[in-house]
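TrEMBL annotations:
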type	residues	note
DOMAIN	57-170	domain 'Corticotropin-releasing factor binding protein N-terminal'
DOMAIN	178-299	domain 'Corticotropin-releasing factor binding protein C-terminal'
Amino acid sequence: QYSPLITIILPSIFSNSSYINKYYCYHDTGISLSLKGMFSVITEFPNLHYLIVNEWLTVVHAFTFTADRPQLSCAAFLLAEPDQVIEVEYDSVDIDCRGGDFITVFDGWVMKGEKFPSSQDHPLPLHERYVNYCSMGSLRTTVRSNQNVAMVFFRVHNAGSSFTLTLRKHVNPFPCNVMSQTPEGSYTMVIPQQHRNCSFSIVYPVAIDISEFSLGRFNNVPKRSMPGCADSGDLVQLLGGNSLDTMKLVPITDVCVSFTGPTHMKVACDNTVVRMVSSGTFVNRVSFSYRMLDRHELQNIKLNNVEDFCFNN
């Protein structure tokens, strides 16, 4: 039976902490700082260790945790391909719920109280996105995410406490709210006549090009980028900032069906988001490509005093 590849993410804010080299929530293959921009802002729990499952060798995996000491604040970030959703099944659980232990699956990611997807963009109310094993028990043993990310919080007070989660990946024909796995790539987002908002989040400073789109019925009208698109029920927003929650990001530009203009921008933020708003009347589609800015480009933005709210704020 294959195990998921677990990479321990050490936030840079913890890099000088002595305990970080003594133990982790889960001992495994190595250390990665590829998501440094996002994880460096984690300060909510000073002793919280983060895991990320970023590559699965088969469709079904078992994630087993056994405590060798009390582990009071742990979390596992689950990340699948953009066109997949994640199913988490409580399989074998041996924890003391009455003693304060818990395991909770969250439909999305949470950091510092900020959530992805945001409450405005997720189809479920916030309280339904948390599924606690200790309160649900046998009533609900399986949780399926609505996007390619999910999260598991757990706390155990006694050595020897353990649990096994069965993880499955399922194809999502119309992905909505995607966390990028890589610092560069291309993507096409489609909303098939649904009244919803969808976001593609890139947790790096990036150069981004919106190359093609059809929003609403006016597919042949040249595109334009300028204020005023928000009055349209169908538009694409480019957002940036240092928050995980898209509702806390700053609007950089809007693109809507009746406008034309530049679609190439450099965004020197920890999080860059392409967000599509759909009225549900039309089939909306947007294609874009992105790449991480190198150090030289970031330095030029600073030296040339280019207006950039991520630096200025």
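Positions of Cβ are set from backbone N, Cα and C atoms, glycine also.
All TrEMBL annotations are machine predictions without curation.
On a predicted model such as this, the values are computed, not experimentally measured, just so you know.
Secondary structure counts, DSSP: the domain 'Corticotropin-releasing factor binding protein N-terminal' (57-170) has 11 helix, 61 strand, 42 coil.
As a summary of secondary structure, the domain 'Corticotropin-releasing factor binding protein C-terminal' (178-299) carries 11 helix, 62 strand, 49 coil according to DSSP.
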